[in-house]
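Here is what Swiss-Prot says about this protein:
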BINDING   Arg21, His133, Thr350  substrate binding site
BINDING   Gly108, Tyr109, Ser179, His207, Thr233  pyridoxal 5'-phosphate binding site
MOD_RES   Lys236  N6-(pyridoxal phosphate)lysine
Amino acid sequence: MSWQQRIEQALEERQQSAAYRRRQVNQGGNGRYIQLNGEHYLNFSGNDYLGLSQNAQVIAAWQQGAQQYGVGSGGSGHVTGFSTAHQVLEQQLADWLGYPRALLFISGYAANQALLAALMQAEDRILADRLSHASLLEAAAHSPAQLRRFRHNQPQALADLLAKPCDGQILAVTEGVFSMDGDSAPLAELHRLTRAAGAWLMVDDAHGIGVHGEQGRGSCWQQGVRPELLVVTFGKAFGLSGAAVLCDEPTAEYLLQFARHLIYSTAMPPAQASALQAALHCIRQGDELRARLQDNIQRFRQGAAQLSLTLTESVTAIQPLLVGDNQRALDLAQSLREQGLWVSAIRPPTVPPGGARLRITLTAAHQPQDIDRLLEVLHDVSV
């Protein structure tokens, strides 16, 4: 089979299974409203949970940072790309989350990949929740360590794997809030098990940080857990992009020496680090925003229950409406768009076969009438 035949066959298979992905051109903003293809929609697909991507303080901080530092970092943090703005942000994150150190990465994907690539060796073992993010599972599969996946959110399944002998070190990997189902991991029990076994726990809290816990400190803080490795990302509640790894002092120094994703990537723009400082301030003072988000979640779930909609058990901003069939999910998403609502259809391989869904995400920027409109249209399209 030639290169061209291989590529065309793969594309044809995706199209035939109604799993073909297409990008949409966003022409303005990603907040309560979104403009796509020349049309305005109520946006129920974004991850900007607190509305900070449109926050005036955050925008002004970025502009001021650009005036001070320019629009780019100019290099890796190991060369000339590590600025005062980066240093201050790392210290603020470490103090806020109760860790000795924080290290910035250009994305959550890069942070997850870097940790597993740098830390794991051939005699080690990774125990990953079966529904962990693609960045975690891919990095684990490509690492020299052995990968074993345990049943989703089942501590006993993890305990069984921890009991098996291992010549090296064991790292258990999970998420704080799972991106496709919106459910939360039993972090306290998982950490109890890993500590007892002498293993480490790594938590990717991309969807929990900023939203859960005191001052938005996330899922781990909410459950009274401080894992050995905590990854927080800035593309959701922070309203920007990038990520940080929270860890102890020796691990941070080790990563600075051996994490290739950190060493060989251009650092995030200092202006972005300045904006993230402003976003962190908003999050720490954001009890009202978090309360508004929780009100929206409760309003939606109560209305969905009255309509007998099939949702997951999520009590987070991620509210998946289970459909099953790929084409049916696409058709429903199109019906919602025709009524001015933007909701994404999620299909395999992002979710398991037969697990197609509308991934509804709620934010603090939504108004009660927005939630009511969404429920009204869902009722009309006969989900």
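Backbone N, Cα and C atoms are what each Cβ position is placed from, and that goes for glycine too.
Checked against Thr350 (substrate binding site), the recorded positions Ser179, His207, Lys236 differ in C-alpha distance, with Ser179 being the nearest. Thr233 (pyridoxal 5'-phosphate binding site) falls within a strand segment according to DSSP. Candidate recorded positions: Arg21, His133, His207, Lys236. Fewest other C-beta atoms within 10 angstroms, Arg21.
Residues Gly108, Tyr109, Ser179, His207, Thr233 are listed as the pyridoxal 5'-phosphate binders, and the farthest two of them sit 13 Å apart at their Cα atoms.
In sequence order, the recorded positions near His133 (substrate binding site) (Cα within 10 Å of its Cα) are Ser179, drawn from Ser179, His207, Thr233, Lys236.
When the neighbouring Cβ atoms lying within 10 Å are counted for each of the binding-site residues (Ser179, Thr233, Thr350), the highest count belongs to Thr233.
Local packing around the Cβ, expressed as the count of other Cβ atoms within 10 angstroms, is greatest for Gly108 among the binding-site residues Gly108, Tyr109. The two recorded residues Arg21 (substrate binding site) and Tyr109 (pyridoxal 5'-phosphate binding site) have their Cα atoms spaced 19 Å from each other. Annotated pyridoxal 5'-phosphate site Gly108, Tyr109, Ser179, His207, Thr233; additional same-chain residues within 8 Å of its Cβ mean position, judged by their own Cβ, are His133, Ser135, Asp204, Ala206, Val231, Gly235, Lys236, Ala243. As a whole number, the greatest separation of Cα atoms within the substrate-binding residue list Arg21, His133, Thr350 is 18 Å. Tyr109 (pyridoxal 5'-phosphate binding site) sits 13 Å from the residue listed as 'N6-(pyridoxal phosphate)lysine', taking the Cα positions as reference.
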